[in-house]
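One structure is given below, encoded as structure tokens.
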């Protein structure tokens with residue numbers, strides 16, 4: 001495994017730039033924030049993460065503008081997204097005032113900040129991060145296997161119940177660990193073929209028990225199979241389905257458990273909070289057409305104590321009272337707070353922001369694929385307002401940009 005990682009020559013210290021070091025620190029700080037917080041006072045852990053990301057954003061964007069490395073379209077789309085959502089929030093039926101509207105919008109568009117940073121570096125430089133992430137992912141696998149009880153004590157209570165047999169890695173979250181494993185598995189299958197690392201990433205996914213990771217793996221492998229195949233698309237899809245059957249059998253219990261959670265969500269008192277937020281978000285979008293209820297009123301960090309929860313009858317739920325899980329349905333929160341107009345605005349701007357990372361390499365089909373991944377992930381994840389999932393979306397863009405269908409061996413980054 002060490003030889004597999006070494007041959008990528010990623011740790012050539014004499015070639016490391018200040019901005020590259022800053023990028024690595026920011027990405028590692030984002031992806032492994034929960035683990036790093038174990039060594040920091042709980043009151044400042046989140047603030048440090050925001051500070052690192054926004055500090056990186058300020059430095060990189062400033063240098064990008066000075067050196068003309070930042071595509072103008074990246075800043076334009078970020079401004080369009082932020083200003084549009086800010087206006088919709090002010091016009092919302094339950095607006096809590098301009099300060100809350102603006103702060104809520106700034107906190108929401110984290111994917112835009114990450115996309116602008118990535119646009120300065122470009123996909124080839126960003127691809128150098130992937131072997132580093134792979135090494136940390138494998139280390140997380142073995143550390144979790146060796147010290148399951150110690151890792152379990154680090155997991156934040158907001159992540160709910162945990163089966164000790166489910167691995168969480170250094171992310172301390174089964175879904176974050178599993179989805180990154182799905183991405184890296186795809187990388188080592190289609191871009192830098194490596195049976196050993198691909199197997200290790202599949203083990204990470206299977207042992208995480210992440211249903212979201214399974215669904216994302218199906219999306220990733222399916223699209224890259226079709227994208228890189230010279231055969232008939234129907235034949236490729238059939239081959240892909242048969243290839244996924246063993247994974248489905250291995251993880252059928254986890255999938256059935258997920259379906260049961262969804263079914264129980266129809267009963268509010270015992271429901272799955274993510275599904276509850278998704279359902280009520282859709283209702284609020286219709287009832288408060290077209291602007292929604294306003295930022296900081298439903299399914300977002302600033303929505304604690306919002307009158308909207310009382311109006312729709314879920315204010316008594318423990319998860320709503322404590323704020324655990326209420327912002328995990330990205331689509332539910334977006335529809336509820338910013339309405340159908342906000343949903344449409346985000347769908348357009350997010351794809352365009354992601355495209356700015358590699359504007360000449362992302363096809364129309366790739367843009368549709370990115371939108372599908374973003375929307376499916378947003379059903380039960382706050383993709384747009386999470387630094388972690390924003391970083392994973394950037395990694396997916398990098399994979400699309402460096403993928404050259406038809407070539408036996410991919411060149412992941414410039415020498």
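Cβ coordinates are placed from backbone N, Cα and C, and glycine is handled just like the others.
The following features are taken from TrEMBL:
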type: TRANSMEM; residues: 21-40; note: transmembrane segment
type: TRANSMEM; residues: 46-66; note: transmembrane segment
type: TRANSMEM; residues: 73-91; note: transmembrane segment
type: TRANSMEM; residues: 103-122; note: transmembrane segment
type: TRANSMEM; residues: 129-147; note: transmembrane segment
type: TRANSMEM; residues: 167-190; note: transmembrane segment
type: TRANSMEM; residues: 197-221; note: transmembrane segment
type: TRANSMEM; residues: 233-255; note: transmembrane segment
type: TRANSMEM; residues: 362-380; note: transmembrane segment
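The stretch in 21-40, 46-66, 73-91, 103-122, 362-380 that contributes the largest number of Cβ pairs under 8 Å to the transmembrane segment (129-147) is 21-40. By the Cβ criterion (under 8 Å, sequence separation of 6 or more), the transmembrane segment (103-122) is not in contact with the transmembrane segment (167-190), since fewer than 3 such pairs are found.
Beyond its flanks by at least six residues, the transmembrane segment (21-40) meets 46, 48-49, 52-53, 56, 59-60, 114, 117, 121, 125-126, 129, 132-133, 136, 154, 156, 170-173, 176, 180, 387-388, 391 of its own chain at Cβ-Cβ distances under 8 Å. Taking Cβ pairs closer than 8 Å, the transmembrane segment (167-190) reaches residues 31-32, 34-35, 130, 133-134, 136-137, 139-141, 143-145, 151, 154-156, 159, 197-198, 201-202, 204-205, 207-210, 212-214, 216-217, 220-221, 224-225, 228, 377, 381, 388-389, 392, 395-396, 399, 403, 410 in its own chain, all 6 or more past its ends.
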